[in-house]
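Reading through the structure tokens given below for one structure.
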Amino acid sequence: MGIEDNSQQPNTGSPYGQSPPSQYNPYGQQPPQQQQYNPYGEQQQQPQQQQQYGYQPQFQPTYQQPPPQPQYYSQAQMPFPPQQQQPPPITNLNKANDRESLIGGVGGGGIPPNNNQTMVGSYNEGETKFAPPKYQDIWFSILFGLNFGLLIVVSASAFAKTPYTYYDSNYYDNTSGGSFGFLFAILPFTIVFSLLYIWAWLKLAANHAESLIKYSFFGAMGLMIGYCVFFFVWGAIYLGIIFAIMAFFIILFYISCRSRIPFTATLLSNAVAIIKEYPSVIRAGYVSIFINFVWFIVWGSAFARVNMVYTGAIQTCINIYLVFTLYWVFHVIKNTLHTTVSGLLATWYFCSGPNGVGMPHNPTLGSARRALTTSFGSICFGSLIISLIETLRYLSQMMINNRNVVVKIIGYIFNCILSMLSSIVQFFNTYAFTHVAIYGKSFCDSAKSTFTMFENRLGSTIINDNFVGTTIAIGGLVASLLLSILGALISIPFDMSVYGGALALFIGYLVIITNLEVVYSSTISLFVCYVMEPEVLAHTKPQLYQLYSSTYHLR
């Protein structure tokens, strides 16, 4: 990522920019009669110990240095790749205190630079050298705004009409008192339990990530085998066969790839440590929950009103549009959170550490600002693609519900194809949005970078993603089961055990899965940064780089 000097020099000369300050005084600080240079290639040779690239004392560029080249990364000036030997290996990696000192917070291990040395590419220098970030894919931001305007028009026209169906507003009056007592009992318990569960899970992930990943996979195997036995006993042979195949592939994947668990565990521990250092990223997740909650209320009101006042083809067309809008807004909110988290992790990766340029003030807010301004068009673009696929799946579901057998079969085929396509696109988009957050590029350019990464690291990406995804999914599943059981028990005095279990499951799942999604985004962001820019980690946090490379060798 640094600037390379393409000028040719004799092999006897010192590396460019690494001569001691006594050899050349900075230009403009000599008497007029002394401002001259020796002929090209005839510099006076002095024996010296070669310094690390990027740590010249009081070095200023000469006229023969090429001008700075434009770079994509717009968050801060990244240090130049180190031209040095690898740091010495770390001993006693199994000690908890050594490991925590490496992966915790804004540290990263290593020897701090000498105070007399000047860091090339400091944070303030990057602010003046690089141009302001450019707005990417702005037309999709405009299209997203126009879609909201159309939603307002459709909703206003629906509420202006008289409903065809009469609803008795007093139907549920006799249950209102019991419902309030039921809610006051369920909500505090669910929120407190969810927060305690998240605290325990993060503690376990920070200190015993490898064991957490292994036991999560054992839980997934047991769950699939349990479903298989249940459906065979129940008589649903086909479902039993499906779950047996799923159990077989999970076991095969674990046996084949279990040697990669230490690397994923290192990434997971590192991600949790960074989240603890910057807890505002968790608050960003709660903000996304609130926005989604408000959006579902607004959308649900519009959807219900449309189905009260319209019938026939008009009702069908408006419903399809509303479903598309539901998916688009939901994915925009979700991907904005992911991009915010990835931006924070990228800032930590490139700027923190003893040899780094230093973290900016409130990096989470800065990352959120970029996601909502310069990168918002790219987020809308990528979210639009997956929303169109999900809308087509909704249409295929309508075909499945058709009475015509041929249409029903075609609907099943389309639904299967679109389901697989949706999973692939969502997987791809997750890493594309990570590139958007790291480099600030457009969605198309980020997609090209993601393709390039997949060409070289697709196997490692899938393995790492599966380990992290399975760990988070099992964590969310265990919490959901506990919440549903406890919620049902608490609701027995109100004769609402079913509703209590369902409500506790819904609210608790939202709180828990939001925190776990932040952990997921953090882990894969560290993975992308490492496989794309390993030399930066070796320069800014050499001992953490040694820890990464000891568990995963980039080939």
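Along the chain as shown, residues are numbered 1 onward.
Keep in mind that glycine also has a Cβ here, set from the backbone N, Cα and C atoms.
If you look up Swiss-Prot, you'll see 1-17 marked as compositional bias 'Polar residues'.
The compositional bias 'Low complexity' annotation in Swiss-Prot covers 19-63.
Per Swiss-Prot, compositional bias 'Pro residues' is recorded for 79-90.
According to Swiss-Prot, the N-linked glycosylation site annotation covers Asn116 (among others).
According to Swiss-Prot, the feature N-linked glycosylation site maps to Asn174 (among others).
Per Swiss-Prot, region 'Disordered' is recorded for 1-101.
Sequence annotations record features per position, and here Swiss-Prot assigns transmembrane segment to 138-158 (among others) based on sequence analysis.
Look at Swiss-Prot and you will find 182-202 (among others) tagged as transmembrane segment, backed by sequence analysis.
If you look up Swiss-Prot, you'll see 210-230 (among others) marked as transmembrane segment.
The feature transmembrane segment is assigned by Swiss-Prot to 231-251 (among others). When Cβ-Cβ distances below 8 Å are used as the criterion, the transmembrane segment (231-251) is approached by residues 217, 220-221, 224-225 of the same chain, each at least six residues removed from its ends.
The transmembrane segment annotation in Swiss-Prot covers 284-304 (among others).
The transmembrane segment feature in Swiss-Prot is assigned to 313-333 (among others).
Feature annotation from Swiss-Prot assigns transmembrane segment to 340-360 (among others).
Look at Swiss-Prot and you will find 372-392 (among others) tagged as transmembrane segment. Long-range contacts of the transmembrane segment (372-392) within the same chain: residues 74, 133-141, 143-144, 320, 323-324, 327-328, 331-332, 334-336, 339, 414, 418, 421-422, 425-426, 429, 432-433, 436-437, 440-443, 446, each at least 6 residues beyond the stretch ends and with a Cβ under 8 Å from a Cβ of the stretch.
Among the features that Swiss-Prot reports, transmembrane segment is placed at 405-425 (among others), with the record citing sequence analysis. Counting same-chain residues at least six beyond the ends of the transmembrane segment (405-425), those with a Cβ under 8 angstroms from any Cβ of the stretch are 385-386, 389-390, 392-393, 396-399.
For the transmembrane segment (472-492), the list of distant contacts is 182, 185-186, 189-190, 193-194, 197, 201, 216-217, 219-220, 223, 498-505, 508-509, 512-513, 516-517, 519-520: same-chain residues at least six beyond its ends, Cβ to Cβ under 8 Å. According to Swiss-Prot, the feature transmembrane segment maps to 472-492 (among others), an assignment based on sequence analysis.
The stretches the transmembrane segment (138-158) and the transmembrane segment (493-513) do not meet in space: the count of Cβ pairs below 8 angstroms, excluding pairs fewer than 6 apart in sequence, stays at fewer than three. Long-range neighbours of the transmembrane segment (313-333) within the same chain, counting only residues 6 or more positions beyond its ends whose Cβ lies under 8 Å from a Cβ of the stretch, are 144, 147, 150-151, 154, 288, 291-292, 295, 299, 302-303, 306-307, 379-380, 383-384, 386-388, 390-391, 394-395.
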